[in-house]
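This report concerns only the one structure given below.
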Amino acid sequence: MEKILAYTRREAWVLEPEPSTFAPNSRWSNKDMDPVPPNWRTWTTFDYIAYWVSDAANVAVWELASSMLAIGLSWRQALPAIAVGHIITSIVMVLNGMAGARLHVGFPVLNRSSFGFWFSYFSVISRVVLSMFWFGAQTYTGSECVYQMLKAIWPSLAHLDNALAPGANITTAGIMCYSLYWLIQFPLMFVSPQKIRWLFLVKASIVPPAWLVMLVWSFVKVPSSKGLFEQPSALSGSAKSYAWLSALNSALSINTTIAVNISDFTRYAKNAQAQRVQLFIIPIAFTLVSFIGLAVTSAGVTLYSGAVLWDPLQLIDHWDNRAAAFFASFSFVIATLGTNIYANSLSAANDMTVLFPRYINIRRGQVICAILGGWALCPWEILASAQGFLSFMNGYAVFLSPIVGIMIADYWIVHRGKVDVPSMYRPRGRYRYTYGINWRAVVASMFSVPPNMPGLISSINPKIAVGSALKIYDFACIFGFAVALTVFSVLSFAFPATKTFLREAVTSEDLGEYSESERSSHIEKGVDSGILVV
């Protein structure tokens with residue numbers, strides 16, 4: 001009992017400070033925040049290929065493509081929007097990921113160099129909230145997979161009495177399966193980031209082949225001449241143009257969270273070149289999976305009375321073959337497990353380590369994400385309709401795409417890769433800017449986020465009329481990224497923060513040649529390893 005009571009005291013939760021920390025004290029860093037040491041840099045080119053193949057094999061990617069059919073686009077209009085969107089995404093991933101691969105630090109730390117030590121907490125908190133939101137949505141999708149698996153074994157589950165209100169958008173069986181799936185994925189949150197790459201290697205080996213079988217099934221059941229290739233667009237004129245822009249924006253938005261924190265993964269790269277393969281694998285993998293989603297959904301339109309079953313689990317629900325339904329649903333369980341752990345839970349945990357480094361490491365952060373993100377939200381409300389799903393995709397990109405634009409502008413355009421890693425751990429270092437805030441990032445955010453807010457409000461509540469402002473929201477991701485990047489770059493050159501400009505980059509290796517006491521002295525005093533400010 002005494003041991004249990006001990007955990008009610010705050011001191012019991014304080015993490016052991018690491019002797020290798022790059023911060024002045026444990027208040028500002030812990031082991032998971034420090035630059036990745038060489039022996040932990042294990043990710044190769046093959047690992048990044050497996051990562052993106054497994055990430056593309058994602059229920060949300062399938063739903064994104066098929067929901068475009070539900071809003072009236074044809075496959076000939078939807079697929080180019082998806083392909084163009086992911087070509088742009090791949091370029092952004094490589095640019096933002098290169099900083100992590102070179103400097104071996106994650107997004108929450110790297111973000112301080114562009115936003116300022118204290119203002120960086122704004123983008124980190126935004127990422128935590130949105131990661132938890134997406135975690136809940138993926139958990140609900142996984143629960144649908146569990147439901148289909150259980151129904152394939154026990155068909156009577158479909159007739160289980162529902163004790164919940166009709167407008168709840170979830171049933172008693174649904175909440176039971178949601179709880180079961182949450183319990184299944186919870187133990188995986190204790191796997192370290194260095195070892196989690198094996199999870200998506202397994203996922204990449206199982207899910208794509210299973211979905212290719214579903215693609216073959218769709219063409220066997222409904223020949224292309226009667227299904228996908230003959231489906232016309234239900235839109236015309238300006239409505240079609242704006243629907244295409246919205247589809248392009250959604251294709252960009254679906255990976256905005258990863259675009260922000262891609263350095264959380266590229267920091268583990270064996271070398272900077274390993275992550276460049278993203279430029280090719282992202283558009284190929286995501287376009288292929290999207291085509292599968294379009295083809296199977298189109299077949300469902302023909303087979304099931306013209307209904308656009310954009311959610312693949314709803315389509316599986318119509319199958320009479322119980323074995324096929326079980327194994328297809330199992331592939332979706334694996335798909336959602338992988339994505340939810342390394343793309344949502346791990347991302348939120350990385351961010352939380354910065355907020356409370358004395359008390360939260362990656363493992364504790366994942367547990368917090370599972371509890372808050374898994375139960376405090378209502379993802380079944382978001383996924384209740386195709387239009388609602390697209391609104392959700394567009395909505396969170398309003399806040400994240402400007403962050404990506406500012407980070408890329410700062411690292412590549414303004415400082416040209418010459419940044420000071422040790423100073424990222426010092427609250428009074430060169431990235432303090434003005435009281436810990438880089439006002440250039442503030443202004444860039446003010447120019448890029450507010451113009452999209454009327455459209456976001458209208459998408460949540462269509463009864464609120466916002467006029468032509470809604471048109472900007474149709475390409476919110478592109479607008480936010482481009483405006484933030486441009487405004488930040490112009491302000492940074494017009495009003496340069498001279499203290500942040502270096503002749504060459506200062507990395508963790510530059511302090512590695514010093515003894516522990518010498519390193520601590522350099523960090524405390526803010527001496528930058530002999531690198532002079534220009």
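Note that Cβ sites are derived from N, Cα and C of the backbone, with glycine treated the same way.
TrEMBL annotations: computationally assigned, not manually curated.
Listed features, source TrEMBL:
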TRANSMEM  49-75  transmembrane segment
TRANSMEM  81-103  transmembrane segment
TRANSMEM  115-137  transmembrane segment
TRANSMEM  163-184  transmembrane segment
TRANSMEM  196-220  transmembrane segment
TRANSMEM  242-260  transmembrane segment
TRANSMEM  280-304  transmembrane segment
TRANSMEM  324-346  transmembrane segment
TRANSMEM  367-390  transmembrane segment
TRANSMEM  396-414  transmembrane segment
TRANSMEM  435-453  transmembrane segment
TRANSMEM  473-495  transmembrane segment
Taking 49-75, 81-103, 396-414, 435-453 as candidates, which has the most Cβ pairs under 8 Å with the transmembrane segment (473-495)? 396-414
Using Cβ atoms only, state whether the transmembrane segment (280-304) and the transmembrane segment (196-220) have three or more pairs under 8 Å that are 6 or more apart in sequence. yes
Select the range from 163-184, 324-346, 396-414 that forms the most Cβ-Cβ pairs under 8 Å with the transmembrane segment (81-103). 396-414
Is the count of Cβ pairs under 8 Å between the transmembrane segment (324-346) and the transmembrane segment (435-453), pairs 6 or more apart in sequence, 3 or more? no
When only pairs 6 or more apart in sequence are counted, do the transmembrane segment (115-137) and the transmembrane segment (242-260) reach 3 or more Cβ pairs under 8 Å? yes
Is the number of Cβ-Cβ pairs under 8 Å between the transmembrane segment (242-260) and the transmembrane segment (49-75) three or more, considering only pairs separated by 6 or more positions? yes
Let me spell it out: take the transmembrane segment (163-184), skip the flanking residues so only those 6+ beyond its ends count, and list any with a Cβ under 8 Å from a Cβ in it. 139-140, 142-147, 150, 157, 333, 337, 370, 374-375, 378, 380-381, 384
Positions whose Cβ lies under 8 angstroms from the transmembrane segment (435-453), at least six residues beyond its ends: 114-119, 398-399, 401-402, 405-406, 427, 469, 472-473, 476, 479-481, 483-485, 487-488, 491-492, 495, 497
